[in-house]
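For reference, TrEMBL has these:
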DOMAIN    26-478  domain 'Major facilitator superfamily (MFS) profile'
TRANSMEM  19-39  transmembrane segment
TRANSMEM  87-104  transmembrane segment
TRANSMEM  111-130  transmembrane segment
TRANSMEM  136-158  transmembrane segment
TRANSMEM  170-193  transmembrane segment
TRANSMEM  199-222  transmembrane segment
TRANSMEM  284-308  transmembrane segment
TRANSMEM  320-342  transmembrane segment
TRANSMEM  349-373  transmembrane segment
TRANSMEM  385-406  transmembrane segment
TRANSMEM  427-447  transmembrane segment
TRANSMEM  453-474  transmembrane segment
Amino acid sequence: MPAVGIAVGDNKKEYPGNLTPFVTVTCIVAAMGGLIFGYDIGISGGVTAMPSFLKKFFPSVYRKQQEDATTNQYCQYDSQTLTMFTSSLYLAALLASLVASIVTRKFGRKLSMLFGGVLFCAGAIINGFAQGVWMLILGRILLGFGIGFANQSVPLYLSEMAPYKFRGALNIGFQLSITIGILVANVLNYFFAKIHGGWGWRLSLGGAMVPALIITVGSLVLPDTPNSMIERGQHDEAREKLRRVRGVDDVDEEFNDLVAASEASMKVENPWRNLLQRKYRPHITMAVMIPFFQQLTGINVIMFYAPVLFNTIGFGSNASLMSAVITGVVNVVATMVSIYGVDKWGRRFLFLEGGFQMLICQAVVAACIGAKFGVNGSPGELPKWYAIVVVLFICIYVAGFAWSWGPLGWLVPSEIFPLEIRSAAQSINVSVNMLFTFIVAQIFLTMLCHLKFGLFLFFAFFVVLMSIFVYYFLPETKGIPIEEMGQVWKTHWFWSRYVTDEDFPKAGGYEMTKGGQGPKNV
């Protein structure tokens with residue numbers, strides 16, 4: 001029972017509503033769910049650069065690092081146990097995201113966030129008190145379960161709660177929280193590494209309890225989204241919530257469209273099987289390819305292992321931690337650029353500009369490292385200008401990712417899925433993301449040892465592929481109401497062969513413009 005859309009200048013349906021203080025504060029609190037993911041990314045790379053941590057848990061790596069000055073710099077951290085410490089979390093997150101889909105759909109986004117916070121907190125406590133590698137990995141698995149639940153529910157929550165005109169900016173609050181978490185972790189690592197007695201790593205790992213408590217408490221005080229309430233039959237409450245969220249009384253049009261979407265969703269008995277339908281071909285493609293390419297940019301190589309990487313290319317332990325702090329600051333600032341521009345410049349422009357920027361930087365860093373380290377990994381005395389050039393181009397690379405593939409890798413999938421498949425499709429999105437995060441984290445140090453400076457060219461190749469993919473296959477989703485998103489596929493030069501008017505009927509006369517749908521619109 002969709003209502004008739006309001007006609008506006010560009011023929012797009014426009015729901016009345018404002019960016020209210022209520023929805024702003026709500027989205028800020030929800031976005032803090034990204035803190036746990038970011039804190040973990042930053043903290044794991046930092047503690048593995050602390051000699052006291054390596055000496056206690058990974059003595060073979062410690063010996064290679066400390067006792068043999070002639071060791072090939074590319075290979076000094078090559079340890080499967082060490083990489084399992086880092087990457088076990090992401091395998092656990094993959095498994096948790098599949099369970100989180102059911103929880104998110106049947107019980108709401110809030111409960112999924114709560115589970116994420118509690119599990120992450122338990123993992124942080126175990127890691128902080130770890131006495132052996134088995135405790136470290138057990139803690140990491142619990143952290144992974146927490147991240148799986150949070151990454152499943154928070155982007156959906158933000159996309160559903162935000163007014164469509166500001167959906168990009170508010171959703172990117174999740175990525176901003178991730179970058180803040182990384183920065184805080186890097187700063188703490190820098191100072192905790194200086195603690196006499198070498199036990200600062202316990203504070204770094206145990207400190208994950210703080211962001212875990214933030215999301216746990218936040219999930220208890222946040223309201224549920226109107227979409228989720230309608231999905232669970234709470235129509236009257238959902239209408240009142242929508243009025244408060246939008247800051248206007250006239251919400252009938254949007255409410256009726258949400259109800260219509262929910263009724264269509266209820267007819268779907270098995271959303272997982274439903275994903276295989278022809279009309280969802282573009283959605284499932286984006287749910288797989290966007291997170292796949294996001295990880296194959298190589299960003300997690302930088303963010304997981306920034307201190308290790310800087311140490312490997314000749315910086316001392318403290319200097320490598322400081323360099324990681326610098327990249328963390330760049331990450332936060334560049335994400336704010338994305339918040340400003342995503343609803344102004346559009347998703348496609350940022351995707352493509354960021355890809356070009358990352359490609360150039362990866363080529364320069366590969367050339368710099370190749371020129372000084374060669375293939376034997378023995379650089380000799382490194383000049384100061386060399387270190388400055390490497391850090392500068394890594395920072396430009398991080399900035400390119402932080403205003404493009406970083407936030408948009410979470411935003412675009414969360415806003416394109418119809419309600420009937422939203423939880424299941426988001427689970428696939430998170431699962432693919434975590435799978436390739438796990439793979440990259442697990443094999444990076446071995447790849448660095450064998451591919452040497454060519455590792456950066458390996459990731460540069462995928463940056464070229466993903467930019468071509470976006471140019472030809474991703475339509476612009478800027479300014480489209482979330483329940484009307486099905487229309488973008490029907491006017492796309494390629495996806496229109498899979499999606500018809502019968503698959504996604506126009507809700508109340510909604511008409512899509514042709515702009516932004518074909519490869520010519522960059």
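Cβ atoms are placed via backbone N, Cα and C, with glycine included.
Annotations in TrEMBL come from automatic prediction, not curation.
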Residue numbers, six or more beyond the limits of the transmembrane segment (136-158), whose CB comes under 8 Å of its CB atoms: 27, 30-31, 33-34, 36-37, 40, 57, 84-86, 88-97, 99-101, 103-104, 109-110, 112-113, 115-127, 130, 167, 170-171, 173-174, 205, 208, 212, 215, 222, 225, 410-411, 413-414, 422-423, 426-427, 430, 433-434
Cβ-Cβ under 8 Å with the transmembrane segment (87-104): same-chain residues at least 6 beyond its ends: 40, 44, 111-112, 115-116, 119, 137, 140-149, 151-153, 156, 423-424, 426-427, 430-431, 434-435, 437-439, 441-442
Compare 199-222, 349-373, 385-406 by their Cβ pairs under 8 Å to the transmembrane segment (453-474) and return the stretch that comes out on top. 349-373
Could you check if the transmembrane segment (111-130) is in contact with the transmembrane segment (349-373), meaning 3+ Cβ pairs under 8 Å among residue pairs at least 6 apart in sequence? no
Okay, the transmembrane segment (170-193) and the transmembrane segment (199-222): do they have at least three CB pairs under 8 Å, pairs separated by 6 or more? yes
Can the transmembrane segment (170-193) be said to touch the transmembrane segment (349-373) if we require at least 3 CB pairs below 8 Å and skip pairs under 6 apart in sequence? no
